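Student: One structure follows; several queries about it will come next.
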Amino acid sequence: MCGFYRSSYQDNKTREIKWLACTQMEATDCRRAFPCWDEPALKATFDIEITADVRYTILSNMDILRESIIDDKRTVLFSRTPLMSTYLLAWVIGELDYIEMFTSGINMPKIPVRVYSPLSNLSQDGRFSLELAVKTLDFFSKTFGIPYSLPKLDMVAIPDFSAGAMENWGIVTYRVVDLLFNEKTGSAATKQRVAEVVQHELAHQWFGDLVTMDFWDGLWLNEGFATWMSWFSCNTFYPEWKVWQTYITGSLQNALRFDGFRSSHPIQVLVKSAEEINQIFDAISYSKGSSVIRMLSKYLGEDVFLAGIRQYLKDHSYGNATTDDLWKALSDESGKDILKFMKCWTENVGYPVLTVSENDDTLIVRQNRFLASGDVRPEDDTTIYWVPLMFKTMSLDGKITTDSYLILDKREFQIPISNIKKGFYKINTGHSGIYRTLYCSKQLQRLGSISTSNPEFLTVEDRVGLVADTGSLAESGYCRTSDLLALILGWHNEDSFVVWNETIVRLENLEAAFIFESEQIKHALGLFKKALVSNKARKLGWNFDANSTHIERQFKTLMFGTAGKAGDDEIISTAKDMLYRYMDGDTTAIHSDLRAHVFGISIQYGSEKEWNIVYSIYKNGTSSDERNTALKQLGLTRVPHLISRTLNLIISSEVKLQDIYMPLIGLKTHSEGIKALWKFCNENWDTIDNLVPSTVGSLKSTVVQLMVSGFTSISSVHEIESFFKDKKIQAFDKALSQSLDAIRAKASWVSRDYDNVKAWLENNGYLNTT
């Protein structure tokens, strides 16, 4: 799935296997297609001419200049491209259908936008992405002050595709499930995912295509900006989705999680080989990169920030740029020394934890490097971060004061505040800062006590951030796990989907750390989780109608799935009944939002019967989305021979190479699956290694992480290190190091807080030791 390759698919009408030819050049695979100087800074113009059978559609970056037909062959010559990097060249040849719309012509010339696919039902499945793309091109042309540069835009669904999508200039290629979406059969979560991916790739038409990073060490300039712009534009088009709240639980936490490992890397990282380049398409370049942009945009204000971005794009159009070029444009527009502020964030690894202590009428805020393992050494803690600190207080009479940004640019900082021990204060208002906040236990209790009773002071963003920070700080030993459990228990009446989502993530992290502990304590954690979510699940219900909002649909889905997997008997029975009715021909039995949880719960609490039903849906499902959903749930089985069947799928011809990680996802959630994954890895490594080429480094990294990172003991670390000692790991060494760091962090957590967790569960009636 790199360079110039072919992709297979089954014709929906004839059921025969067909092929199309396509390309994937990023990062260093254009040289596989033709000899070239394959570096991002060595831009050139290209004349593409392709000859193929007349029955095939032929696409490339530009519009068609002329074409001719001789016998049964068509030759197409495309217009010359603008000055561009080799990794953005693309062509697709196959039996493709398309649907088309045109941009408005208001902020740019009126251009055709098309969605192509080799699959049928395009008029339904491609409509959402097409309409969104047209609006997005108009929006970005206006926002950036630079019209879209090419005479057309094609978006093409590719059946075999290693990434989610690729921003080839003028011809964006996608994994099928990230482009095609059916409003009648798709879930709310899938719709939001498709919107984010489409807008991410269209943002690249400016960030990456028009202006390209000078070298791959500046990858974040492409990916961080495209990620931020996708959220920015999605929020503009769908304000009712409240995507910036979701950003906190998703991209920001993803960045903080990976950057909390000792094995992390700076945003700007030196890369010396193709394998190293492939591995930095990760949470640091995407999620931390976009989080840095979000923090800076909040500090400068969006108007000033976007004005600086417009200047950056104007100055470097059809050329290359560095991080310093970006900082210069923002400095010129804002009048602030952005390079001085931001250098610490892009050139250093990690982020700080701010420890807040109280002294009479003064808050003392101290910054130190955060590590998930909690074992910060002096050599780890040498960076002083520039921290824009938004701060708010509330007096006992309810008066709220929000200060403008305070700048913490030294080790310790004092904030004067009156009646400190009687009122309330909150650090990192809106949770736009890239850091964790460690409050003293009493202040955490004070904040927990007001929770949703004063949403003006503790907004949804603040509550999400408080749960996320407390969870992460408990995991790493900065506070006790009982502090987290008490906070969660006190917020059982919470009404925000994103707060509940983060709460469940933190509980599941705790369960994952204790997964190899005694059945008694695992059962007690499960009882707490079930008691917490079951009543909420019933209150929300699991019926949907035309009036259900986007967020309500996701909220109902989350609670239904969590309660069912925690052992709620009514929901387990309901899920199985839905599955049986669906297989009996009732296509309305399973709402699209509940599909994944119905499949998963039925397998987790079922037998071979339920596994076979979901497996048959994978084989014969009506859409790629449904088939992928089924494939991801198969690993939830606890039945030994079904675990073996699930594992063997990845080395069979039944699963596309791009999807081989999917059956592993469920296996990593339970102890039987984790042990089976590692045994399978040991026994089949040569097959797996040969199956997944190093050129698809991100896929191999994902497979390795799923196979090893579920363990929780130091002895497992030693065993994994020993196994890979003599293996070639250049394509996934960073992922392996991150996995080992994750295991060490879990081992430290259990060792440190086992008694604390056990005592809390006993004291709250979930663990009976008599």
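Note that Cβ sites are derived from N, Cα and C of the backbone, with glycine treated the same way.
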Student: Name the one residue among Glu183, Glu223 that TrEMBL lists for the same Zn(2+) site as His200, His204.
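Tutor: Of the residues offered, the record points to Glu223.
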Student: Applying the rule Cβ within 8 Å of the centroid of the Cβ atoms of His200, His204, Glu223, what extra residues of the same chain belong around the Zn(2+) site?
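Tutor: These residues sit around the Zn(2+) site: Glu167, Glu201, Ala203, Phe207, Gly208, Asn222, Phe225, Ala226, Thr227, Met229, Ser230, Tyr286.
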Student: Within 10 angstroms of the C-beta of His204 (Zn(2+) binding site), what count of other C-beta atoms is obtained when all protein chains are considered?
Tutor: 25
Student: Could you give me the DSSP helix, strand and coil counts for the domain 'Aminopeptidase N-like N-terminal' (1-88)?
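Tutor: With helix first, then strand, then coil, the domain 'Aminopeptidase N-like N-terminal' (1-88) has 7 helix, 40 strand, 41 coil.
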Student: Just to confirm: which same-chain residues, 6+ apart in sequence, have a Cβ under 8 Å from the Cβ of Glu201 (active site, proton acceptor)?
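Tutor: Result: Met155, Ala165, Met166, Glu167, Val172, Tyr174, Ala226.
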Student: Rounded to a whole angstrom, what is the C-alpha distance between His204 (Zn(2+) binding site) and Tyr286 (site 'Transition state stabilizer')?
Tutor: 13
Student: So what pLDDT does the domain 'ERAP1-like C-terminal' (424-745) average out to?
Tutor: 95
Student: Provide, as an integer number of angstrom, the distance between the C-alpha atoms of Glu223 (Zn(2+) binding site) and Tyr286 (site 'Transition state stabilizer').
Tutor: 5
Student: Report, in whole Å, the straight Cα-to-Cα distance of His200 (Zn(2+) binding site) from Tyr286 (site 'Transition state stabilizer').
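Tutor: Roughly 11 Å, rounded to the nearest whole number.
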